[in-house]
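Right, one structure below, let's go through it.
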Amino acid sequence: KSWRGKELSRVFSEDYDVVDTNILDPRGLIITRWNKIFLVACLISLFVDPLFFYLPRAHEDICIDVSIPLEVALTIVRSAVDAFYIIQIYVRFHTAYIAPSSRVFGRGELIVDASTIASRYLQRDFWPDILACLPLPQVLIWLAIPNLRGSSVVSSRNLIRFIIIIQYFLRLYLLFPLSSQIVKTSGVLTETAWAGAAYNLMLYMLASHVLGSSWYLLSIERQEECWRKLCNQEEPRCHFAYFDCRSVGNPSRAAWFGSSNISGLCDPNDNFFEFGIYADALTFGVTNSGFFNKYFYCLWWGLRNLSSLGQNLLTSTYVGEIAFAIVIANLGLVLFGLLIGNMQTYLQSTTMRLEEWRIRRTDTEQWMKHRQLPHGLKQSVRRYDQYRWVTTHGVDEEAILRSLPLDLRRGIKRHLCLNLVRQVPLFDQMDERMLDAMCERLKPSLGTPGMVVVREGDPVNEMIFIIRGHLDSYTTNGGRTGFFNSCHIGPGDFCGEELLTWALDPRPSIILPSSTRTVKAISEVEAFALVAEDLKFVASQFRRLHSKQLRHTFRFHSHQWRMWAACFVQAAWFRYKRRREAEELKRRESFVASISEPAQDQNGISSLPRTGSGFVYAVRLATGITRGGSQRCRNDIDILSSLQKPIEPDFTVEDR
């Protein structure tokens, strides 16, 4: 009963799914998706906040007011973004954290106690989050600033700028731990290299956007500073309240504006006031333009000076202007360096293997030229290198598989090889477990046209199963004169069956068997190979089958057995043909003998034999041709009979 009232405060990460709790796993799918959504909301917030600097607008009547439509739009967007910050606070109160004492090994233990999580959050990250979510710009614009317009426009604008800058830097600060959390959870911030490059370029454009909006607000301030300087000289007729557009209908202001030369003196071309880097805003009428016109011009101004490190800025002696130019130069130097470095890293990652292949190919060309290889051999090397790149794109599949756990490696090998192995009739009778073990040991092999896979008489160190492409397999029976056998092998066939016979021997020798055929690729070939050591394991699986059908399948698909069978049939045919020719020769000789005997007529009188020269020559010619054909047939039989029967593989079970 005492345990029923207690709640679980800690749990291992592996057992989190079986715990009935409302606390979220910081490495779970829900938090991962929410962090990415909140990252997008933070970026939108960082883009929206500088737009408040575009609210002031100067008019040709020498007054400044605030754009009401823009103010309403920014309030709606900013309020929607602030809602995400409020949701983030709620999520943080319901997200477990890893106990620091459990990080020695493994993923650690999750603290799932709600009170402990809330206490930790309140002590560490709650106050920055609550200050970042406050709708301060909206409150100041709609409640505080309208009451200050009658007294001072300058103080209200400075207050807006100060509040927005403080909260902007706070939200910018919160972006870094959020990105770090995403990297810890999913491993990367962006899935692809192009997305990473676009993300860094967007951050650079965001910095240009901030500088452009700040330049616009400072331009408005310098323009008003010129008005105030001239107004101080024209006291008591001029008042600072005249610079508020709500006082345009005031008669005293109209009288002062008609008698004053403020428009001409506060022009950038006049020497009355030094505008410095803000002169372009007045020259091109940026301060009294529409929103989109002034926004894009200010964005271009920020991007141009940020990229050029502020080298084109001609400042005045005003300290604030000089400080702003210094900030632009330093910020441009740092951000431009980071942009180039990150862009180079992300873009090079997409072409890194291609560049490595080009360098390796250049080294190969130089090596072949230095060793003076013949032209045909060079072309073979180039074709193989090109085909290997097109097939694998420079990826070392074996190295990737070796770095994975055994279970994953077996599953990947099964996915890649199982359907291909089943195409080989020799493996058709093996069960799933045997096929899995075989797939785990298969290694990919590639071939180009003209490449010799194995030569007749060379040791056979692997058995190759063709998946795609065609090869030419031929033999001369050890170089015997007058013997040549050739056939084509393709998908589903295999070569190097001598190694299987060697591996099936219960007492195999150390010396590998010699190849009885030469196998040469006639097209691009993709195959899987089983080396001698791996083939011993497969051979042990074959002995467990001990099936006559498997023996017949091996004989049917073995080209060595096919050649012997074809030669056996031909030798039998030649023997049959020789017997027929011998019988025919005997018949003809008996016929000639009967003709050469004296013939008698009906009256018993003997006549002379037919001894004409033409008749005797014809008989001798026919007999010689028959004997010559029998001699050639005898030679063919000797050649075919000299071919030994292939060694029978031992598919039977070993006697224990």
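Cβ coordinates come from backbone N, Cα and C, glycine included.
Automatic, uncurated: that is what TrEMBL annotation is.
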Kindly point out the range from 83-104, 281-302 that TrEMBL annotates with transmembrane segment.
281-302
With DSSP helix as H/G/I and strand as E/B, how many residues of the domain 'Cyclic nucleotide-binding' (426-523) fall in helix, strand and coil?
20 helix, 33 strand, 45 coil
When you scan the chain for residues with a C-beta under 8 Å from the transmembrane segment (281-302), skipping those not six or more beyond its ends, what do you find?
51, 54, 57-60, 67, 70, 205, 207-213, 215-216, 219-220, 223, 266-269, 275
Same-chain residues near the transmembrane segment (158-176), Cβ under 8 Å, at least 6 residues beyond its ends:
39, 42-43, 45-46, 49-50, 52-53, 55, 128-129, 131-132, 134, 136-137, 140-141, 144-145, 148, 210, 217
Mean pLDDT for the domain 'Cyclic nucleotide-binding' (426-523), rounded to an integer?
80
